[in-house]
There are 2 protein chains.
Amino acid sequence: MKQMEDKILAEGKVLSDQVLKVDSFLNHQIDPQLMKAIGMEFAERFKDAGITKILTIESSGIAPAVMAGLELNVPVVFARKRKSLTLVDDLLTAKVHSFTKNETNEISVSKKFINADDTVLMIDDFLANGQAVNGLMDIIEQAGATLAGVGIVIEKGFQQGGELLREKGIRIESLAIIESLENGEVKLKKEVPTK
Amino acid sequence: MKQMEDKILAEGKVLSDQVLKVDSFLNHQIDPQLMKAIGMEFAERFKDAGITKILTIESSGIAPAVMAGLELNVPVVFARKRKSLTLVDDLLTAKVHSFTKNETNEISVSKKFINADDTVLMIDDFLANGQAVNGLMDIIEQAGATLAGVGIVIEKGFQQGGELLREKGIRIESLAIIESLENGEVKLKKEVPTK
């Protein structure tokens, strides 16, 4: 998605060979117009997949997921990273390790909001090692729901998450794929048109 | 806002005299169409306030804030509840106690994203004791920015936050005000037209 790639090249900050900071439009400050464009792009790519629900994870997945939900006209559920006292229902849970933050969170989704009839589009801001996607897949499986595919705003193509998931036959649609962050420079993978 | 009030009456669950659960459309599952309507309503109410930035707090404030930002065509910044390793810049911080979760979090906003030129619309999902609003006001003050007002999706009118803030002269626009949750029943305050 050219608009996304342009934004990364204009505003992304390379903190190390592993870490790209995009807090001016996605992870801390959010560009609502860009989120709308992202939501429309995900909706276009998954419009024929029979999506009934979008699943994401707090916090940075929420904005792109809600915009996609608006376009596809389906509810969005965000997995929580900690249990809240007002979430008293039966929960589906999974463990997710964040290498960036160097911590393991339990993520949880109320059983009420995902069930065996659902065809789920998963959306997240980053795909690196695939920890978050694996945790959400675990939850989708526990619910007996069907995973239609995964929409990722920025994939770190030099980490193994995307490759491992694609090898399992999971449909991954990444709007931008970073090939390398070496020498303080963002190198994007050339976009392969999906159709 | 009638659509909001109808949704609360249809789907809100009273857990106690103090706690209303709205996790089917706002706090866990999100209704994107309702979020869009909420964003449009906040934008309408604050369209003449010269807003340059929207400030909210993760996670449940993000969806309504981004929709309002889309309508007002301004960036949204969400305060984080914990420091992230990729937020290395100078931070503005404040302490916020959550009575619902019975914990105190440090919230933080990067200095880069709020400054003295900004006129800020604050948006949050709930207003109860006003802890989150006070924390965000503290951050706005540290930045030297101007607070135009506060947009709240659901105000607990039987708690003191709204009253104390209005007494200070702060403009609070709540889309629904709960008068009481006694006897397991949601009683809404009759809407007073703003204009």
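The count begins at 1 with the first shown residue.
Cβ from N, Cα, C; glycine included.
Since this is a predicted model, take the numbers as computed values, not measurements.
Listed in TrEMBL for this protein:
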BINDING   A:Leu20, A:Asn27, A:Lys156  xanthine binding site
BINDING   A:Ala128, A:Asn129, A:Gly130, A:Gln131, A:Ala132  5-phospho-alpha-D-ribose 1-diphosphate binding site
DOMAIN    A:33-157  domain 'Phosphoribosyltransferase'
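Comparing A:Asn129 (5-phospho-alpha-D-ribose 1-diphosphate binding site) with A:Lys156 (xanthine binding site), their Cα atoms are 8 Å apart once rounded. If you compare Cα positions, A:Gln131 (5-phospho-alpha-D-ribose 1-diphosphate binding site) sits closest to A:Lys156 out of the binding-site residues A:Leu20, A:Asn27, A:Lys156. Secondary structure of the domain 'Phosphoribosyltransferase' (A:33-157) per DSSP (helix as H, G, I; strand as E, B; remaining residues coil): 40 helix, 46 strand, 39 coil. Residue pair A:Leu20 (xanthine binding site) / A:Ala132 (5-phospho-alpha-D-ribose 1-diphosphate binding site) shows a Cα separation of 17 Å. Non-local contacts of A:Gly130 (5-phospho-alpha-D-ribose 1-diphosphate binding site) by the CB criterion (under 8 A, 6+ apart in sequence, same chain) comprise A:Gln160, A:Gly161, A:Gly162, A:Leu164, A:Leu165. Neighbour counts of Cβ atoms within 10 Å were compared for the binding-site residues A:Leu20, A:Ala128, A:Ala132, and the top value is held by A:Ala132. The distance from the Cα of A:Ala132 (5-phospho-alpha-D-ribose 1-diphosphate binding site) to the Cα of A:Lys156 (xanthine binding site) comes to 14 Å. For A:Lys156 (xanthine binding site), applying a Cβ distance below 8 Å and a minimum sequence separation of six or more within one chain yields A:Gln18, A:Leu20, A:Phe126, A:Leu127, A:Ala128, A:Gly162, A:Ile178. When secondary structure is read from DSSP and collapsed to three states, A:Asn27 (xanthine binding site) falls in the coil class. Comparing the binding-site residues A:Asn27, A:Gln131 by how many other C-beta atoms lie within 10 angstroms of each C-beta, the top residue is A:Asn27.
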